[in-house]
Every structure is written in structure tokens, then in C-alpha cells.
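Accompanying notes for the structure given below.
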Amino acid sequence: MISVLKYISRPFARKASAKMHYTTGVNITLLPSDKCSFEDPVHVIVNGLNPRQRVQLRSKVTDDNGLVFQALATYEASDNCQIDLTRHPSLGGSFTGIEPMGLFWALKADTEACKFAKTDVTRPVLVDIEVLSNDEVIAQATNERHCMADGVRRVPVTEGRIRGTLFLPPAGTGPFPGILDTSVVRGAPFELRAALLAKQGFAVFALAFQGYQDLPKRAEKFHLEYFEEGITFLRQQPEVKGQKIGLISISKSGDLALSMAAFLPGISATVCINGCNANTLVPVYYKDMCLPPLLFDIAKTKMTPSGMLDIGDVMHDPMSKEGLPSVIPIECNTGNFMFIMSEADRNWRSAYYARLACDRLKAHGKNNYELVAYEKAGHFIELPYMPFCVADFHGVAGKVIYFGGEPKAHSEAQLDAWPKILKFFRKHLRATKQRSLL
């Protein structure tokens, strides 16, 4: 368990100077501790300021690609010489108003076209929080945001042709329900999400499907047998035997997960985040079955006012004559579905696709689905306090594209979606133990 003792920073160390334009004795308190899990909030308090003194609070973090993300906000100390981010508003900067975790969700790199990278989950994310007066740092503290709870086991997997990483909760506390985690079109495993799900009592196999180790950089087709091997591997783990299996996916892997749910036996719960109800990009095969890809019209690309490429409308309509053969027959699955979608997603029309999927299930007399909608969120709904990604290089388009959404609304969506996902899996996988491990 996290220690409930507070962490108090020391005043920022510096050489003696004849001109000291900042208040001495300023410190930053992080509650309940300077260490927490990646998805947990921290309570930031600054003490030792002068009454009504205006300062800037800055957060900084370097991701695993070496990019520096920052957020900056101006605050005014209260009459008792304190700034409490749960009670005092930002007067301007990266965000305004009372935002207890604004220094985290508003983190942004200098280059707009990038996505925060966390590939080494064995090391915490280190977020420096600084107090600045007249552009000089007068206090500093570091928040260690851990990706793996104590006792969670990380096991790299190179089993036959499957590649990925298995995350298991602490030994001796099973058996655990299993989750197969697939990520974006680049195909590498999203270890951070998998590790945090393992913290919650699930055995999670983050399965790569292209662009990773010796897998093809970009597959020309997918065979569901590969994913079936991944599920079989997960089922065969001693910690998982006899338990139900779920899927979690996002973007392109969303339609792969829906195909798995439709054609592979024994999938009890599927979470599809901003995916498509039809197979996309390349054909999908299973035994003698082939789902052709939904085609797209590159002529429908456009530019945003800020000069970003918008491909949100290029995909053909799945309900068109040309699109119908690509639609995934998810009604074949006897488990449950959760569709999480963003109305402002500009990667593609994920809100429309999610509603089509639900309509299809309903038309087949099924009510085994939940639809979670976010009006102003962008494409990558991931984890609480994950920095917002408005644009990045797109592996298929081969260019930087605009993903849509607004930073604050997107952060609120991530904060809201995560407990909903956990509740969904706990309900439909019927886990026996779901206690948090950190």
C-alpha cells in the first residue's frame, strides 16, 4: 500500500546570490506520497509563500523517446501563504480554474505532432513539479508515477511465433481471469495498460501483431489463428486455467478484437475503444473465411485550419453496398461488449461505427452491449492522466494526421473510462479477486 505520509520538498538548492528575489522556505507537498501508481491523482500544495504572491507552477516529464512534456500555470497564494491545487484556481497558462491534476493532464511537448511514449514499465514516470518566481525555480518536488505494482510479474513472451509481454498479479493470489490486450496499428504491445490491469487482479497478455521484434513491419493480411495462439497461450498459464477470457483493444486493433470475438470461441468480454465495426486496411482470414477490408477514398482528406491532415472521413461507409462484406458478424459472440467512442475522433468515424455495432446486436435480439460516449474526446482514450495526443505520425497514412478532441475533455474521458472498463471486466469475467495491489 502507498504510504499515507506526506512528501515535502526541500527549497530549491542554489548558490548564494546577492540578489534573492524569491521567498526562502518555499516547499511543495505531495499527498498522500511522492510515489503513486500511474493512474492515481496526487494532491499538490505549495507552502511558505508571501500572502497574495503570484508564482508559476510548472510540471515537466521526459518520455521514453526523449521528448520533454511541460505544463505551466499561474497561481496566487492565499492569505495563509499557501497554494492548494484542490482549492485555488489557475489564473492562466496551460489551463485555468480549479484543476487539481491540471499539471498532469495538460502536459504537452513543444512539437504538437507526438504521442507520449512509455515503453519501459519497469521504471516509473518521473514528473518534476517546480515553483517559479520571476522565472527562477524556488522549490521543486518529483512525483514518481509507478507503472507496475509490487509483486506484479512481467514476462516477455517469444512462444512459437507469438510475441508480446505477459503480466501476472502477485503469485499465490490466483487464479485470475485473462485479458488479451492489443493496441494501435503499429502493433507493438501497450505494456503500460497491461501492467495496470494486472495490478487490478487480471492476467494480461499484451500481444504484438506487427512492427515488433521479428514480426512483419506491416502485415499485408492478418490470420486470426495468430491471435488464437495468443489466447491459447494465455489460457494455458497455471494462473489462468479455468478462468474466462476478455479482450481490450483500441483503434485498428478494435476491429481485430471484434473479429476475434465473432470467430474465436470462448471470448466472454470485449472492450473496443474507438474502433470500427468492419474489418479495415487489410484482409482478415480464419480457416476458410475471409473478411475483405473496408476501402477508403484518399480524395476525402482535408486540412485543418492549423495545417494538419484530417483523414476522418476517408473510410467508405460500412453500410454501403461496397462496405457490407467487411462488416464483422459480432452477433455470433455470446459474450458481452463495451464500445467506448469519441464524438470528436478524427482518425475515423468511431462514434458512427460504435452505434452501427450496437444496432447490429440489437437487430439480432441481443442486449449484450454497453455504449460509452464522450463528446469532445480525441482518438486515443487510454489511461487517467496520460497526456493528450492531438496529432502524430500515422503508420498507414505515412504522414502526421490530426486525431481530434480537446485536452481537458479528453482527460475527463480517460478518467471516466478507466473505472468503467474495470467494472465491465469484473462483472463479465467474474474475477474472484479484484483488490488493488498498490
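Think of each number as a place in line: the chain as shown, counted from 1.
Each residue, glycine too, has its Cβ placed from N, Cα and C.
Remember, TrEMBL labels are computer predictions, not curated facts.
Taken verbatim from TrEMBL:
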- SER251: active site, charge relay system (ACT_SITE)
- ASP345: active site, charge relay system (ACT_SITE)
- HIS379: active site, charge relay system (ACT_SITE)
- 223-430: domain 'BAAT/Acyl-CoA thioester hydrolase C-terminal' (DOMAIN)
Handout entry: Whole-number Å value for how far HIS379 (active site, charge relay system) lies from SER251 (active site, charge relay system) (Cα to Cα)
Key = 8
Fill in the blank from the handout: Excluding its own, the Cβ atoms lying within 10 Å of the Cβ of ASP345 (active site, charge relay system) add up to 25
Exercise for the section: Could you tell me the mean pLDDT over the domain 'BAAT/Acyl-CoA thioester hydrolase C-terminal' (223-430), as a whole number? Expected result: 96
Fill in the blank from the handout: One should report the C-alpha separation between HIS379 (active site, charge relay system) and ASP345 (active site, charge relay system), rounded to whole angstrom, as 5
